[in-house]
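*Asks:* Attaching a single structure in structure tokens format; questions to follow.
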């Protein structure tokens, strides 16, 4: 009879992929998954299944397994802990060997870790809560084109949050009227104005016309105020080539900053653009359109802190990060957790802020968090307190909605932010007297 190589049939994942005795290595990429298994599937099996399907595993032994070293390449579920207050959920910790991932590719990282496993039958739901990126891997990325310090030096603006404004109505203005709104806001005292995320190149306003009129607005406002101004020109396009064409044209116009929608545009396009921006001295503003599709459900998808880490590696100088106080969702401690992950070099593990792993970015530049969405001048005390100086505060309707017009709206915001910063520096309690501070300043 023929010799038997191995037993065919379906194998339990936990025999190979659940290894509670494993000591994680400094070079491992660690993931924390929130797992909701189907009824009857034990936690160890579900955790091991996640580790297997997002690394080397398939549902049975294949003879080519003998041609490689499984121990060197397999993902391992090394710890499981129940989620407080949830009966059928637990956190599975998975360690991936560094060699599973292509250097400098967020695309490959995500394809491996979250590519296939989320459709897995044995799981009712799965959410990636956090990733620990080891320096051995993060060092293969360029990261943000410039980072917080270089941006401040380029703009010559220190010691306060930067102010922005999204031009509204976001769709329908002609390029010239759009440029006029940009000029009024910048002239009134804002640092930046912004293309809305869905302003690309539509029939009512083609991208090139918008770029030209906005550049004119920037130059005029700079000449009149003596400050450096910018407008986030949205370079997002249907193809990478078209996106690069727009970024190159922006550079030729001499503007300081361009913008990209990194989730709809994709990580590959974003990383290419970030490299171009560093090589050519452009700042890069990142909008997170589509993030809530991925991060809003509490038990399925990916937490935004993972998308934020991925963006810091892929590259961007600003990224939208919720407001804590405006019209869109976001809890304070958790938001501050990923705001620190964007800005700081070293972030301690702190479960109360949703940070599952200590993250050491070594020398990778930081990203400025952008607070945007339904905020207005009376939120200013809270925003200065929550976000501190290293942030961009964006008031769209909160600038353009001023009954006297765009420029007075911009003046209001600039006066308010400077008053709040000064009051804070003098040791006054913004939470209590913030509104009073603003009223005094506006007299």
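Each residue, glycine too, has its Cβ placed from N, Cα and C.
The N6,N6,N6-trimethyllysine annotation in Swiss-Prot covers 7. Positions annotated as substrate binding site by Swiss-Prot, on the basis of sequence analysis: 116, 166, 170, 288, 320, 372. Marked as N6-carboxylysine by Swiss-Prot: 194. If you look up Swiss-Prot, you'll see 194, 196, 197 marked as Mg(2+) binding site. Residues annotated as site 'Transition state stabilizer' in Swiss-Prot, with sequence analysis given as evidence: 327.
So where do these features actually land, and what's packed around them?
*Replies:* DSSP gives residue 7 (N6,N6,N6-trimethyllysine) a coil state; it is part of no helix or strand. Cβ environment of residue 7 (N6,N6,N6-trimethyllysine): 61 lie under 8 Å away, each six or more residues apart in the same chain.
Here the Cβ of residue 194 (N6-carboxylysine) has 29 other Cβ atoms within 10 Å, regardless of which shown protein chain they belong to.
When secondary structure is read from DSSP and collapsed to three states, residue 194 (N6-carboxylysine) falls in the strand class.
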*Asks:* In the structure shown, which of the binding-site residues 116, 166, 372 has the fewest other Cβ atoms within 10 Å?
*Replies:* 116
*Asks:* How big is the gap, in Å, between the Cα of residue 170 (substrate binding site) and that of residue 194 (N6-carboxylysine), rounded to a whole number?
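*Replies:* The separation of the Cα atoms works out to 10 Å.
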*Asks:* Same chain only, sequence gap of 6 or more: which residues have a CB within under 8 Å of the CB of residue 197 (Mg(2+) binding site)?
*Replies:* 234, 236, 261, 287, 289
*Asks:* Please compare the binding-site residues 170, 288, 320 by how many other CB atoms fall within 10 Å of each one's CB, and tell me which has the fewest.
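*Replies:* Comparing Cβ neighbours within 10 Å for the binding-site residues 170, 288, 320, 170 has the fewest.
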*Asks:* Greatest CA-CA distance (Å) over the residues 116, 166, 170, 288, 320, 372 that the record ties to substrate?
*Replies:* 37
*Asks:* Once the chains shown are all counted, how many other Cβ atoms turn up within 10 Å of the Cβ of residue 196 (Mg(2+) binding site)?
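*Replies:* A count of 18.
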*Asks:* Could you tell me the C-alpha distance between residue 372 (substrate binding site) and residue 194 (N6-carboxylysine) in angstrom, no decimals?
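*Replies:* Checking the Cα atoms of residue 372 (substrate binding site) and residue 194 (N6-carboxylysine) gives a distance of 11 Å.
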